[in-house]
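> Sharing the features that Swiss-Prot gives for it:
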TOPO_DOM  1-10  topological domain 'Cytoplasmic'
TRANSMEM  11-31  transmembrane segment
MOTIF     48-71  motif 'MCR (magnetochrome) 1'
MOTIF     87-110  motif 'MCR 2'
BINDING   Cys104, Cys107, His108  heme 2 binding site
Amino acid sequence: MNTKAVAHPDIAVWIMALGIAFSMALVLTALFNANPWEDHTYDLAPPIVAGMAAPHRDGREKMVCSSCHIVTPASAATGPGAGTLPIVEGTPAPHVDGREKMACASCHTIVKKGSVAKSGKASPAPVAFSQGMPLPEAMSVALAVTPAPAPLGNEAHERMVPFRYQGKIVSVAGAGTRSVWGDIYIQINDGINPPMWIDLAPLWFLQAEGCLVRPGMFVKGTAFRDPTQASAGLDYAMSVMANGEVCALRDDHLNGLWANVGGVDAEER
């Protein structure tokens, strides 16, 4: 008698159920996340200076820094905001990219309140002049004068006109050169028009967005300008492209976008 091998009905049901479950898993993965193992925090990693010690304590200190961060050469880390700044003890963290959960001492030097003493100017040593030696004459050096920021009202966007700017940063000024909460002003020279001053944003916001600037850097973007003052006044940037990053700074009504993340402009304090 010929006997035929017949699959057990329970096995066939299990094979069909596993196939359906696998198909549903593929569909759900495609709908909700193309790569469930991807770490989306990599795009939020700020640029770092070469040679800095890794502040991580969760295993990332064993990784190559360039896997997540843009590594800036140490020689190029000059000017305001380069590297890490010393902070006063008790200062709230301005970061919004996850670094606010880290210990401040991992990257910054903590300075105790009232421990910074004012340094007095040392008196120059007397110089003996011999007969016939010409006396030194004072030399006048023309310094770049930063235009004063104009009070911006609710209708400032109606009297100002938008324009595009690009060029090399000649100098950096503003309260942001002394405090992380202050605004950064940059003077741009495009080689054609007279140099112009542009108010970017508070230093902490530029750090968080990855758009730190320094003299000699080429930047471009859009800004608002008072047509009655032309290049003699202070312009207000809507966006800036620096370090390969495009950062939005203000909306169409000249409102700073840092206000949406809880920041306070130093000029408004």
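Cβ coordinates come from backbone N, Cα and C, glycine included.
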> Could you give me the DSSP helix, strand and coil counts for the motif 'MCR (magnetochrome) 1' (48-71)?
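Across the motif 'MCR (magnetochrome) 1' (48-71), the residues distribute as 6 helix, 3 strand, 15 coil.
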> Would you identify the secondary structure of Cys104 (heme 2 binding site) according to DSSP, in three states?
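Going by the DSSP assignment, Cys104 (heme 2 binding site) falls within a helical segment, counted as helix.
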> Quick one: mean pLDDT on the motif 'MCR 2' (87-110)?
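Per the prediction, mean pLDDT sits at 77 for the motif 'MCR 2' (87-110).
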> Please list, in sequence order, the residues in the chain of Cys104 (heme 2 binding site) that are at least six apart in sequence and whose C-beta is under 8 Å away from its C-beta.
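The answer is Ile87, Thr91, Ala93, Ile110.
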> Count the Cβ atoms, other than its own, that fall within 10 Å of the Cβ of Cys107 (heme 2 binding site), considering every protein chain shown.
18
